[in-house]
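Read the structure below first, then the notes.
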Ligand code: HEM
Ligand SMILES: *[C@@H]1O[C@H](CO)[C@@H](O)[C@H](O)[C@H]1NC(C)=O
Ligand SMILES: *[C@@H]1O[C@H](CO)[C@@H](O)[C@H](O)[C@H]1NC(C)=O
């Protein structure tokens, strides 16, 4: 009798607590600190590698942020964009036109090498990408956020999977629909597009916006008249389409709300960003972050951006025993 009472009073709360602890009820979900036992230095290894690369080339930060987005939007955040083997196979996802110009693969490879040396077979490439993007935002003076990890790497790389990505000349309704199909809202579309607060675009993506807008010749009327000559001289008609210019005029290395101000005043470089101010619902969202009272009473751009990044990082993830943990990020095991 005494023993059983003791048993109940001592162990019952413990059993209950275990049953309610996230690890027990959700073995197959992402969680913050997923590697805290299996590879305690995982997050610090990734951040020190990103920091090291950024010291010699700060533009790598924008590249890594974009790389994580391109991973997630195609077949979920599963590292599929990283696959390079078998070499020469034309049907690899990486060779898709929509992925043209992606950079930063060597950063992921370096982090993976160091992680394999410390904890072989533990940290997925999809998580390395997500962590590198998180660190890139922070190192650009953006918000730091806790990132749920535990993604597993996918075993498919198929070029046609990238066919349906959001594209720069698509209408705002199509962009919204494509985000919605991945569980992301119009709010997320605005916030995540604001990732263009860092980085650059090739003139390639401005050609039709400047010289043949909507197939009618001429330029996009939403470009601020004082910005148009600047764009035309940076990207002259018939010029080199590989020349690069800031997505966020005047503030391309610092994570800040300047991109939203630029979008509001007709200084967005690319059409998909400009359209965020042409559509009434997304315009209201842009305006809400620029309200003079927003820094005091919200909505808060930095923290909402971080929340959107976490949501994007959950798209189609594989967890538990699904997929694999690649030993080499550019090849399946
Ligand atoms: C509506 C969807 C989007 C479209 C149409 C779009 C389009 C583009 C284009 C055309 C470029 C220039 C690429 C180049 O010339 O190399 C670019 C760059 C970039 N994108 Fe997006 N993007 C979208 C969403 C996102 C999202 C959701 C993120 C991240 C959360 C992101 C992050 C970036 C970054 C950081 C760059 C700069 C890359 C660099 O400087 O190397 N984009 N994007
Ligand atoms: C790639 O995906 C397309 C469209 O879903 C499919 O028809 C094709 O068979 C796939 N290719 C490979 C090599 O699996
Ligand atoms: C990873 O795989 C790629 C492609 O097969 C190969 O070129 C590279 O040397 C490998 N890296 C390591 C560290 O084994």
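From the backbone N, Cα and C atoms, a Cβ is placed for every residue, glycine too.
Those TrEMBL annotations? Automatic predictions, nothing curated.
Quick look at what TrEMBL annotates:
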SIGNAL    1-28  signal peptide
DISULFID  39-119  disulfide bond
ACT_SITE  70  active site, proton acceptor
DISULFID  72-77  disulfide bond
DISULFID  125-329  disulfide bond
BINDING   166  substrate binding site
BINDING   197, 248, 256  Ca(2+) 2 binding site
DISULFID  203-235  disulfide bond
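Structural mapping of features recorded in TrEMBL.
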| residue | record | DSSP class |
| --- | --- | --- |
| 39 | disulfide bond | coil |
| 70 | active site, proton acceptor | helix |
| 77 | disulfide bond | coil |
| 125 | disulfide bond | helix |
| 166 | substrate binding site | coil |
| 197 | Ca(2+) 2 binding site | helix |
| 203 | disulfide bond | helix |
| 248 | Ca(2+) 2 binding site | strand |
| 256 | Ca(2+) 2 binding site | coil |
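For ligand 1, the recorded positions lying close by, meaning a CB under 6 A from one of its atoms, are 166; the full candidate list was 72, 166, 248. When Cα-Cα distances from residue 248 (Ca(2+) 2 binding site) are compared across the disulfide-bonded residues 72, 77, 119, 125, the shortest belongs to 72. Residue 70 (active site, proton acceptor) sits 15 Å from residue 329 (disulfide bond), counting Cα to Cα. The two recorded residues, residue 119 (disulfide bond) and residue 166 (substrate binding site), have Cα atoms 37 Å apart. Secondary structure from DSSP puts residue 119 (disulfide bond) in coil. Non-local neighbourhood of residue 235 (disulfide bond): 203, 206, 207, 210, 241, 243, 245, each in the same chain, at least six residues away, with C-beta under 8 Å from its C-beta. When the recorded positions 166, 197, 329 are compared by Cα distance to residue 77 (disulfide bond), the shortest distance belongs to 329. Annotation for the residue listed as 'substrate binding site': same-chain Cβ neighbours under 8 Å, separated by at least 6 residues, are 73, 174, 175, 178, 179, 272. Per Cα geometry, 72 is the residue among the recorded positions 39, 72, 256 nearest to residue 329 (disulfide bond). Taking a C-beta cut-off of under 8 angstroms and a sequence separation of 6 or more, residue 39 (disulfide bond) has the following same-chain neighbours: 115, 118, 119, 122, 123.
For residue 256 (Ca(2+) 2 binding site), the number of other Cβ atoms no farther than 10 Å from its own Cβ, over all displayed protein chains, is 17. Neighbour counts were taken at the CB atom with a 10 A radius for the disulfide-bonded residues 119, 203, 329; the maximum falls on 329. Comparing residue 125 (disulfide bond) with residue 72 (disulfide bond), their Cα atoms are 12 Å apart once rounded.
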